[in-house]
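Comments concern the structure below.
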Amino acid sequence: MGAGASAEEKHSRELEKKLKEDAEKDARTVKLLLLGAGESGKSTIVKQMKIIHQDGYSLEECLEFIAIIYGNTLQSILAIVRAMTTLNIQYGDSARQDDARKLMHMADTIEEGTMPKEMSDIIQRLWKDSGIQACFDRASEYQLNDSAGYYLSDLERLVTPGYVPTEQDVLRSRVKTTGIIETQFSFKDLNFRMFDVGGQRSERKKWIHCFEGVTCIIFIAALSAYDMVLVEDDEVNRMHESLHLFNSICNHRYFATTSIVLFLNKKDVFSEKIKKAHLSICFPDYNGPNTYEDAGNYIKVQFLELNMRRDVKEIYSHMTCATDTQNVKFVFDAVTDIIIKENLKDCGLF
């Protein structure tokens with residue numbers, strides 16, 4: 001009888017120990033949700049987590065990006081060529097018209113993700129054309145990848161035999177996120193589970209079941225989107241869409257107790273763009289100076305003022321450049337400290 005009882009006690013103690021360990025593990029598990037409109041930079045943040053908190057990209061993984069990079073480069077020059085017609089811009093050299101026609105034809109016939117020499121030569125000639133450059137300067141009037149200039153101006157390096165993509169090449173590459181991508185890593189004694197969710201409208205209905213037990217939401221908005229329209233709807237300004245989405249998330253009853261951090265991303269693109277395009281394009285009431293600081297701060301205030309519970313709930317915001325590893329490392333470190341502080345506060349230890 002006694003032996004049976006002590007075995008039961010032992011089993012009970014083991015179970016208690018296991019439950020305690022599980023509870024501690026749960027307390028140290030951080031569920032992070034990356035939300036934001038399409039092309040705001042969510043997937044680039046995920047790539048940075050791999051670089052900063054995992055072991056980065058192996059040679060094999062880098063090589064897998066070549067096809068994506070070539071595909072992005074081709075799509076970018078094709079978008080510019082098509083816009084030449086729509087915007088009625090003349091080529092600086094009329095011979096480029098033939099190059100453009102040849103390129104359109106080749107794009108339909110080559111194997112996807114490859115870059116034959118004849119094609120890269122044509123692309124390089126087109127990119128140097130003054131008409132193409134004038135069209136590139138008007139990129140906000142049509143849909144063009146942010147990485148267009150980065151790849152097109154460096155195409156010679158990208159097509160060198162034996163080319164291996166650099167971390168920056170990988171970070172700049174773009175594949176539309178469909179569905180939900182989970183990344184796991186450890187940092188500051190916490191186990192992170194980060195979920196990247198497709199941002200375009202058709203993808204958003206998949207978010208809802210991710211909402212259970214979220215520790216922190218990182219909402220990403222592209223600062224540079226103030227003069228752009230949606231891929232899905234060319235009547236809707238991207239910044240307005242982003243504000244609308246942020247409003248519905250930060251005031252959602254699901255997230256009443258969830259920490260929310262706002263990344264105002266693409267500050268590098270924004271700092272160049274604001275020199276040329278006035279913020280009043282997006283916010284007609286804005287009559288402040290058209291500088292990076294003033295315009296950037298005005299955008300930040302537009303987001304933060306949407307928080308209906310700002311008397312009790314603080315939303316932390318950061319200006320970010322998702323392709324800059326040091327910047328992301330610094331900001332994510334600050335976010336982690338916020339998460340630790342908020343979690344300790346919840347446990348009554350802070």
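Placement of Cβ uses the backbone N, Cα and C atoms for every residue, glycine included.
Taken straight from Swiss-Prot:
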{"type": "BINDING", "residues": "36-43, Asp146, 171-177, Gly199, 265-268, Ala322", "note": "GTP binding site"}
{"type": "LIPID", "residues": "Gly2", "note": "N-myristoyl glycine"}
{"type": "MOD_RES", "residues": "Tyr142", "note": "phosphotyrosine"}
{"type": "REGION", "residues": "31-44", "note": "region 'G1 motif'"}
{"type": "REGION", "residues": "192-201", "note": "region 'G3 motif'"}
{"type": "REGION", "residues": "261-268", "note": "region 'G4 motif'"}
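A separation of roughly 18 Å, to the nearest angstrom, links the Cα atoms of Lys266 (GTP binding site) and Tyr142 (phosphotyrosine). Across the structure, Lys42 (GTP binding site) and the residue listed as 'phosphotyrosine' are spaced 22 Å apart at their Cα atoms. Secondary structure of the region 'G1 motif' (31-44) per DSSP (helix as H, G, I; strand as E, B; remaining residues coil): 3 helix, 5 strand, 6 coil. The two recorded residues Thr177 (GTP binding site) and Tyr142 (phosphotyrosine) have their Cα atoms spaced 21 Å from each other. Cβ neighbour counts within 10 Å, taken over all protein chains shown, single out Ala322 as the most crowded of the binding-site residues Leu171, Ala322. Rounded to a whole number, the distance between the Cα atoms of Tyr142 (phosphotyrosine) and Leu171 (GTP binding site) is 23 Å. Rounded to a whole number, the distance between the Cα atoms of Tyr142 (phosphotyrosine) and Ala322 (GTP binding site) is 23 Å.
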